[in-house]
Each structure stands twice: as C-alpha cells, then as structure tokens.
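Taking it in order: structure first as structure tokens, then the write-up.
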Amino acid sequence: MKQYLDLMNKVLAEGTPKADRTGTGTLSIFGHQMRFNLQEGFPLVTTKKCHLRSIIHELLWFLNGDTNVAYLKENKVSIWDEWADENGNLGPVYGKQWRAWGTADGRQIDQLTTVLNQLKQDPDSRRIIVSAWNVGELDQMALAPCHAFFQFYVADGKLSCQLYQRSCDVFLGLPFNIASYALLVHMMAQQCDLEVGDFVWTGGDTHLYSNHMEQTQLQLTREPRALPKLVIKRKPASLFDYRFEDFEIEGYDPHPAIKAPVAI
C-alpha cells in the first residue's frame, strides 16, 4: 500500500489549504489515481489497523438496499451514527440508489442486478456502471455520496472496477473505501465466474483534515507490510446472499490502530 502513503505525502507537500462543509479545514489536492492489482493481495492498509468488521458489514448493508443504521448498530458498527436522525434514518443514501433508483415515471431500478446481468450477458459493454449521485434526491440525503460512481470492465477473464470518489478523507475514509470496493469486486467476480483484476481509485477533492496531521505524520513513519489475502468461504446463490461469516482475511499483520476525530 505504498501508493496510499505516497498520496499522503503528496497532499502534505502540494495541498492547498481550504475551508470545508464541516468547518474543520483541510489540505486538498484535486485529481489523483491509484491502481491496485487484486491478484497481488487484498488492499487493506497495513500501516495502521483497519476495522474490517465495519467494512464488511457496511458493504452488506449497502447491498441490502438499507438506509437505516439499525443493522449496523446490531453489529456494533457506528460509522454512520453521527448522520442518522432520531429514528436511525439517513434518507436515500447509497443502498437506496444502488438497489432502488427512482425514475420520473415511478419505476425503481436495481442498478446492481442490472450490472450483474450485463457482466454475464454483455461483458464487453462500456455501460456497466452504478451511480449513487442522484441529483433529484441529494437534498434528502443525510450525507451526499462521496464514492459516487463506479464502472466495471472485463478483459482476459478478469473483472476490474474503477471508482470515482468526488470527496476523499485520506486519513480516515480512504482505507475503508479501497477495501470496500476491492471486496465488492471479489464478490462480483465470484458471482460471474471471473477472476479479479484491478481496482482503480480516482479521487476528486482529495484531502487531509487539519486535525489529522499528527496522525498522518505518525503513519508515514511506518513501513508497509505484506498485503493479506481475502478468502470467500462459499459461493452464495446471489450477490445479495453473502453473510459476514463468509469472509476471512488471512495474513493481516498491521501496525497498531491510530485514532482520529471524524469531521461531521
């Protein structure tokens, strides 16, 4: 995960001080890309311990089309708590857009099922895309989508994915995002009888919050370790039938966790 540390160094060296929605302040660059060959290991940051339970449960929550934090709280995942209302609702965030995008004529489009069918029936299509950026519903969302748009690509029997992330919290959020989409690629590949290819991450406003600088400097003193391996223990009937227990990470030997405040 040297690419991740290189990005941190780039933001520190080249970033522009900017105000932001949270009032915290950032150092920011615009436009950055990283490529991870998923054949070479699972891209889970090793220079600090990442909370894999949260990553897996959040993705399963998205895949279920859920937009209430009850499932997350039942599984001791608190990453969305700050944005939920008193009933645990978040509005039409990722799960709603991925599984039930509303159309002007009242239909709902299950983008993930559509994409799965495309991968199986027309893998050379250039339209294998999922978008969470629903302009008509942004004002109803507790938080506008940060990881907004992703595209799949099949070549030589391998499935690759590119994500466009319009806003990226490099210290706290990005390790989660990389691991989450890498996990999704593995799941989609298994369902489509493909090997995994690359995960390509593309960032828009890519920033370090001003109250993450000490933590960033600490992380940059640490040497990356070997990437772990993802094992999926069974092949469920569909993409939407995976359970937390289906996933195992082998050989994850991270440096200790580094705590930092979330900008809300």
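Glycine is treated like the rest: Cβ placed from N, Cα and C.
Listed by Swiss-Prot as binding dUMP are ARG21, ARG126, ARG127, ARG166, SER167, CYS168, ASP169, HIS207, LEU208, TYR209; the candidate from ASN117, ASN177 that the record includes in that site is ASN177. Taken over all pairs of the listed (6R)-5,10-methylene-5,6,7,8-tetrahydrofolate-binding residues (HIS51, ASP169, ALA263), the Cα spread reaches a maximum of 18 Å, rounded to the nearest whole number. Ranked by Cα separation from ARG127 (dUMP binding site), the recorded positions HIS51, CYS146, ALA263 are led by CYS146. Separation of the C-alpha atoms of SER167 (dUMP binding site) and HIS51 ((6R)-5,10-methylene-5,6,7,8-tetrahydrofolate binding site): 21 Å, rounded to the nearest whole number.
Here dUMP is bound by ARG21, ARG126, ARG127, ARG166, SER167, CYS168, ASP169, ASN177, HIS207, LEU208, TYR209 per the record. The longest Cα to Cα distance in that group is 36 Å.
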